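Input: a single structure, listed below in structure tokens.
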Amino acid sequence: MSKEKFARTKPHCNVGTIGHVDHGKTSLTAAITKVLAEAGGATFQAYDQIDKAPEERARGITISTAHVEYETEARHYAHVDCPGHADYVKNMITGAAQMDGAILVVSAADGPMPQTREHILLARQVGVPALVVFLNKCDMVDDEELLELVELEVRELLTSYDFPGDDIPIIKGSALAALEDSDQKLGHDAILELMKAVDDYIPQPERPKDKPFLMPIEDVFSISGRGTVVTGRVERGIVKVGEEIEIIGIRDTQKTTCTGVEMFRKLLDQGEAGDNIGALLRGTKRDDVERGQVLAKPGSITPHTKFKCEAYILTKEEGGRHTPFFSNYRPQFYFRTTDVTGTIELPEGTEMVMPGDNIGMTVQLIAPIAMDEGLRFAIREGGRTVGAGVVASIVQ
């Protein structure tokens with residue numbers, strides 16, 4: 001079977017199912033493909049096809065993730081579903097599967113459970129912009145008042161983690177009813193209602209190209225008679241020849257002008273998100289720039305040394321540490337293209353961190369790095385990855 005060409009006629013959006021174990025995330029994923037397949041917007045994938053998620057590696061960490069794609073009238077979606085709780089934690093922290101929005105699945109029979117909380121907190125910390133709730137297994141609850149109580153509880157929980165609990169769409173239904181065609185209203189209709197809510201409520205993500213220009217510097221060359229060239233892959237935005245840009249991180253911020261953009265030995269008028277380019281910098285000396293700095297649109301990003309983050313610490317089996325660590329632990333933090341040493345401060349009441357834990361902590365770096373919330377990094381010891389993290393908020 002030859003792969004169909006991916007028609008980019010509709011806007012694209014990345015979503016995922018999150019929620020407590022056995023609340024029906026994978027069943028819902030299967031149900032969405034089933035219902036949308038009837039309208040020709042998907043290929044039906046049964047529960048066990050999705051449940052056998054292949055392993056992937058992201059930032060040196062093995063994660064099992066299932067990828068499903070489907071489309072509604074409005075958009076094309078890539079949907080991620082993870083088999084185990086640990087996979088969700090790793091996925092959200094490493095950003096292996098980017099989520100522009102998430103569907104929080106809560107069993108109406110159980111209400112919010114510990115992992116429901118944890119996934120909402122993680123979504124908040126890693127910057128998932130919007131959530132939609134599917135109240136699953138409603139066919140198991142006869143009492144309308146009980147359903148309303150569960151809905152209220154979910155809304156209060158969302159509000160307590162700074163999501164707009166009163167405004168978030170909550171759709172009541174049953175993934176199983178949709179898969180077994182046993183109840184039109186709770187099954188088929190609820191899935192369509194859910195997808196309409198996902199279409200309407202999860203904002204269309206800004207394309208990387210439309211964001212302010214940023215390029216991590218990978219290498220620096222001096223070309224006689226022309227000046228200094230820095231190379232790297234443009235992470236976001238566009239840089240045009242003749243534009244003023246800033247060099248940020250490690251040292252004091254410098255201003256310069258991009259006087260040339262080269263790709264595959266050809267001169268271009270501009271470089272854009274995804275391009276591997278060489279940028280010629282006016283009046284910049286070879287020794288003024290280094291790997292680990294970034295080129296960026298002036299004023300769009302600032303250098304910082306202290307931040308709060310959410311991190312996952314690898315287990316011994318994953319190639320991580322064999323022993324716990326304590327406050328004042330000093331590993332390297334690998335941002336984009338370089339390692340910077342930093343000191344970890346654990347939250348009050350946390351004595352130590354064990355391999356396999358995920359933890360919120362504060363980090364103080366010895367040199368400033370261009371950062372904003374949502375920036376991913378690896379935690380390393382002597383070049384070996386021992387953890388992964390994401391910047392939740394900047395302290396200074």
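Just so it is clear, glycine is given a Cβ too, placed from its N, Cα and C backbone atoms.
Listed in Swiss-Prot:
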- 10-206: domain 'tr-type G' (DOMAIN)
- 19-26, 81-85, 136-139: GTP binding site (BINDING)
- 19-26: region 'G1' (REGION)
- T26: Mg(2+) binding site (BINDING)
- 60-64: region 'G2' (REGION)
- 81-84: region 'G3' (REGION)
- 136-139: region 'G4' (REGION)
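The list of residues near the region 'G1' (19-26) in space but at least 6 beyond its ends in sequence, with Cβ under 8 angstroms from a Cβ of it, reads 47, 50-51, 66, 81, 83-85, 104-107, 110, 112-116, 119, 136-137, 175-176.
The binding-site residues listed here (C82, H85, C138) include C82 as those with a Cα within 10 A of the Cα of T26 (Mg(2+) binding site). Of all Cβ atoms in the protein chains displayed, 24 besides its own lie within 10 Å of the Cβ of T26 (Mg(2+) binding site).
Listed binding-site residues: G19, C82, H85, C138. The one with the lowest count of other Cβ atoms within 10 Å of its Cβ is H85. The candidate set comprises the binding-site residues D22, K25. Of these, K25 has the most other Cβ atoms within 10 Å. In the three-state DSSP assignment, the secondary structure recorded for H85 (GTP binding site) is helix. On the 0 to 100 pLDDT scale, the model's mean across the domain 'tr-type G' (10-206) is 93.
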